[in-house]
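Per TrEMBL, the features are as follows:
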| type | residues | note |
| --- | --- | --- |
| BINDING | CYS92, CYS95, HIS96 | heme c 1 binding site |
| BINDING | CYS236, CYS239, HIS240 | heme c 2 binding site |
| DOMAIN | 70-171 | domain 'Cytochrome c' |
| DOMAIN | 221-346 | domain 'Cytochrome c' |
Amino acid sequence: MKKTKYRWITFGLIIFMVFFLGWEAPLQARPKKSNKYPPETLFDTLPNPPFHLHPLLAPSIPPYNLQTPAKVELGKMLFFDPRLSRDNTVSCATCHNPEHGFSDARPVSVGIGGQKGTRNAPTIFNVAYNKTHFWDGRAGSLEEQALGPIQNPIEMGEDLNRLVQKLNAVPGYVEAFKKVFGTGVTADGIAQAIAAFERTILSNNSPFDRFMAGDDNALTPTEQHGIRVFNEKGKCVTCHNGPNFTDNKFHPLGLPKREGIPNDIGRYAITQDEAEKEHFKTPTLRNIAQTAPYMHNGIFATLEEVVEFYVKAEPTTSPRHPLLTPLSLLTDQDKKALVEFLKSLTGEPINITPPKLPE
C-alpha cells in the first residue's frame, strides 16, 4: 500500500513540476450552452492530489440520467442500429467500431451516401470522464453529444422528429422505451439511453495502472523509461495529465493539413474567440494503441509518426502553442520507450457484440 501511494504521489509531483515550472496554461473560454443537460462534473468533484493523479475512479452518473441495466441495453441497441440514419445505412457503431477501439480506423469518417467528413472519429473509451465532447468541445454532456451525429447532414442526416416517428413504428422499441422511460420513443429518451450505454465503455486496469498500484512486473524496463520521457524530456504530461491522460482543454498543434479537406478552425467555430483558432481538444491516451489514425484530421497513421511530429516540430504557418518546440534531446531509445509506454495504457479487453435489434 505504501509503495502504491508513493508511486502516485511521485508521479503527481513530477507532473506538478513540469507543468508549473515549464508552462502556464491559458484559461479556456466556456462555450455558450443552450442544452438542458448540464456539463459533466466529475473533474470538479474528484479528490485533489496534484493533477488528480490517482487510479481512475468510477465515473459520476448525472442525477437526471441514472443507469439501469434496461436503459444501458436500450442504448446499446440504438448505438448499433443503422435505422437512426436517414437512409438506414449508418449507425453510431459505424464510426465507433468496437473492433477498432471504438473508432473507425479511417482518417476521417464516412457518413450517409459515402460523404466524407473533415475529422477523425474519436474513441468513445472513457467518454464518461470528459468535460466536453467532440474535437471542438461543442457538447457539454454525453446526452447532447448523442444527438449531434444523428442530425449532422454528412454523418447520419436524420431529422429527430422523423426518427422518433420511425422508431415508434417499431414495436420492439415502443416496448423497450415503455419499460425504461414509461413513454413511447422520444428524442430525450434516445439521447439518455445512448449516453447511458456510452458511460459503460471504460478502459482501466492497464499495465500502467497495475504498475502504479504496486506491481513491479506490470511494466517492462523500456516502458518504465517511457514514463520518464513522457513526464520529463517529452513534456507530454503538460496536456496529457490526470487519471484519463487529458487536461480536457483545447490547444493548437500546427498539424499538417490533409489534402482535400478545408482549413478547420476548430474551437473558434464555437467560441468565436480569435485566440482559439485551430484549437482542438486534448484526447485521452487510454487505449491509444487501438485507435489509429491519430489527430483531429487523422493525419498520422502510427504512434511513431505522432512522436516524430512532436520531436521535429517543423515550422508552420498555422497556430501552434509556444511549448511545442523541437525535442532535440530525445534519442531513438527515448522515442521507442515513449511509444511502448503509450501502448501500456491499453486496458483490459471489453467484449461488446452487436445486439439483436428490435423489430
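The backbone N, Cα and C atoms fix where each Cβ goes, glycine too.
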Averaged over the domain 'Cytochrome c' (70-171), what pLDDT does the prediction give?
98
Not counting CYS236, CYS239, HIS240, residues with a CB within 8 A of the CB centroid of the heme c 2 site are PHE230, LYS235, VAL237, THR238, ASN241, PHE245, THR246, ASP247, THR282, LEU285
Find the shortest Cα-Cα separation between HIS96 (heme c 1 binding site) and the binding-site residues CYS236, CYS239, HIS240, and name the residue that gives it.
HIS240
Residue counts (helix, strand, coil, in that order) that DSSP gives for the domain 'Cytochrome c' (221-346):
46 helix, 10 strand, 70 coil
In sequence order, what residues of the same chain, 6+ apart, have a Cβ less than 8 Å from the Cβ of HIS240 (heme c 2 binding site)?
PHE230, THR246, ASP247, THR282, LEU285
Sparsest Cβ surroundings (other CB atoms within 10 Å) among the binding-site residues CYS92, CYS95, CYS236
CYS236
Distance check, please: Cα of CYS239 (heme c 2 binding site) against Cα of CYS92 (heme c 1 binding site), rounded to an integer number of angstrom.
28
What does the DSSP secondary structure composition of the domain 'Cytochrome c' (70-171) look like, as residue counts for helix, strand and coil?
47 helix, 6 strand, 49 coil
How big is the Cα-to-Cα gap, in Å, between CYS95 (heme c 1 binding site) and CYS236 (heme c 2 binding site)?
27
